[in-house]
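J.: Below: one structure in structure tokens.
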2 protein chains.
Amino acid sequence: MQTMFLYNWNVREDWYRWCEEINEDELLLVRTGGVGGILHTLFHIIDVEWSWIRILQGKPDFEESFDGYKSLNQVRALDDKFHEEVEEFVRNWDDDMELNVLEETMPDGRIVIDTWGEVMRHVIAHEIHHIGQLSVWAREIGKKPVSANLIGRGLVPISKTDK
Amino acid sequence: MQTMFLYNWNVREDWYRWCEEINEDELLLVRTGGVGGILHTLFHIIDVEWSWIRILQGKPDFEESFDGYKSLNQVRALDDKFHEEVEEFVRNWDDDMELNVLEETMPDGRIVIDTWGEVMRHVIAHEIHHIGQLSVWAREIGKKPVSANLIGRGLVPISKTDK
């Protein structure tokens, strides 16, 4: 589980660096698909990751809109602010938590049951999916996207592979 | 690990059904980003998944090009053909295999070491990333994309959550 989060954080950092080279108008331009823009997507990824981690802990989640975060610096600052709590939860993740149950009541009264393991994987897949959208938009503005490769990032310490 | 593969296969099946409602010209149209088209992307996902599973087993992998698979039926038939072997490998995956080492010699002579766990996660992330690209192209042709949600697909049997 942790490796996939490390992958997402690593790729996200690469995208922040990629954004530094792009005109802010391009980062804010409303585009087709997803949540409709590059910076908005990064904001959305941060928001969703943090919100689910908060929900699993029974804490209130984030309610702000993208309107207050329309610059790369503001989005990165929000990420920095949330990351500590997210990282701590992920670092302390244990396989014993897999089948913990999250029970939520939907607006229509239905009760939905997800396991914590499903929620964590949902968060992982959510980010990768949205990053895939960024890769199309990058090409639309004539730029090479960040690599989506998981191998080659040194996510598993080489010492562990040396056996 | 298995849950993420189940998610990918489930989402992929949803995309095949989505494709059934779309004109084949749209499925074959060369688009910006990724491997450049909807059906080509699905072919590429199948190819890459199977190839890595073959490589881990020390077997020769797939060398054909998309040229021979330019219809939804042909792509699905290829998927059916490969799926049995992929599914068996995934079903038999065990955490003890995580740190098995895959050593590959690159064309420039460099030796690259990845753990099997990294390779499996690479395959998972690869598909989700490319499916994100499909979601943008779906909107470009005015269609609602398949949901990328992992929760709500019943991937973990409810009996397991009932504790």
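Cβ coordinates come from backbone N, Cα and C, glycine included.
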J.: Please state which member of A:His44, A:His83 TrEMBL lists alongside A:His126, A:His130 for binding divalent metal cation.
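T.: Answer, per TrEMBL (divalent metal cation site with A:His126, A:His130), from A:His44, A:His83: A:His44.
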J.: Excluding near sequence neighbours, so keeping only residues 6 or more apart in the same chain, what lies with its CB under 8 A of A:His44 (divalent metal cation binding site)?
T.: A:Val35, A:Phe66, A:His130
J.: Give me the non-local Cβ neighbours of A:His126 (divalent metal cation binding site): same chain, 6+ apart in sequence, Cβ-Cβ under 8 Å, ordered along the sequence.
T.: A:Ile45, A:Val48, A:Glu49
J.: Applying the rule Cβ within 8 Å of the centroid of the Cβ atoms of A:His44, A:His126, A:His130, what extra residues of the same chain belong around the divalent metal cation site?
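T.: So the additional residues around the site are A:Gly34, A:Val35, A:Thr41, A:Ile45, A:Val48, A:Glu127, A:His129.
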